[in-house]
Amino acid sequence: MKGKLLKGVLSLGVGLGALYSGTSAQAEASTNQNDTLKVMTHNVYMLSTNLYPNWGQTERADLFGAADYIKNQDVVILNEVFDNSASDRLLGNLKKEYPNQTAVLGRSSGSEWDKTLGNYSSSTPEDGGVAIVSKWPIAEKIQYVFAKGCGPDNLSNKGFVYTKIKKNDRFVHVIGTHLQAEDSMCGKTSPASVRTNQLKEIQDFIKNKNIPNNEYVLIGGDMNVNKINAENNNDSEYASMFKTLNASVPSYTGHTATWDATTNSIAKYNFPDSLAEYLDYIIASKDHANPSYIENKVLQPKSPQWTVTSWFKNIRIMITLIIIQVEATISMK
């Protein structure tokens with residue numbers, strides 16, 4: 001997967017009695033904060049410094065932790081928190097704002113999890129790089145490692161993190177994931193087919209969890225499924241993703257991509273000729289409390305610029321952080 005950071009806005013109209021179908025701004029103005037859940041998904045591109053020592057993982061952990069955009073959410077899904085030291089630093093920086101946190105997916109299978117499911121292995125070289133942080137108590141934490149990946153993804157415990165979060169007297173279920181990357185090293189195995197099977201594993205988990213149908217289930221993170229040029233194609237992988245999860249298709253605003261080499265210097269350095277892609281989402285299960293309005297809004301805050309040295313060359317870094325801040329306006333009454 002190509003590194004990026006994503007923020008979106010999602011507004012969920014309320015369940016049985018009071019569905020709201022206006023704009024997201026109107027929805028936000030019309031509801032009390034106690035009746036609102038705001039969720040963000042954020043790919044921080046913290047690859048291991050053992051392999052990539054010069055991408056400012058520690059510096060970015062401090063920038064992310066201090067940034068205004070990451071504040072005042074209810075829940076934040078973090079992707080690619082692979083580097084142990086940098087991810088520990090980031091989670092520590094977020095602790096004051098988000099005191100309730102999961103461990104990083106696949107890093108261990110200890111008591112920090114209520115359950116470890118799927119294909120977890122302590123001998124896999126890399127963890128799954130997903131964590132969830134919350135302002136509100138997390139009543140249950142489950143990590144699930146996918147059955148299969150291809151290419152370099154086979155060397156990581158990729159999967160998803162499930163959290164049961166209690167805001168006031170209402171439970172909301174948030175799943176954060178990072179699906180199979182598009183990779184030529186997969187050989188004859190189709191990365192898209194691997195992603196489809198991973199989505200089926202998520203859906204099977206949700207069904208087997210027997211979550212009450214009057215509670216919201218949100219699935220978010222780096223899906224590695226490109227929306228661009230696929231929205232009007234019912235046979236596309238993009239359309240298939242929503243069918244497999246039986247999830248609502250959100251509306252989209254803000255920047256038109258969640259990974260864009262024209263706005264992110266690390267992406268440009270690694271993939272200078274690659275086209276922009278829209279790969280990150282937060283969506284809601286239609287098998288449970290179904291929002292009347294969902295919007296994914298992509299914003300682009302910029303980091304300060306700094307210079308690193310790699311192979312005796314100075315590289316100037318200025319990252320435009322592409323973020324999906326998803327605000328879920330739901331009834332908590």
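Every residue gets a Cβ built from N, Cα and C, even glycine.
As recorded in Swiss-Prot:
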type	residues	note
SIGNAL	1-26	signal peptide
DISULFID	Cys150-Cys186	disulfide bond
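A coil conformation is recorded for Cys150 (disulfide bond) in the three-state DSSP classification, outside any helix or strand. In sequence order, Cys150, Gly151, Val194 constitute the residues six or more apart from Cys186 (disulfide bond) in its chain with CB-CB distances below 8 Å. According to its DSSP assignment, Cys186 (disulfide bond) is helical. Cβ neighbour count for Cys150 (disulfide bond) (all protein chains, 10 Å cutoff from its Cβ): 19.
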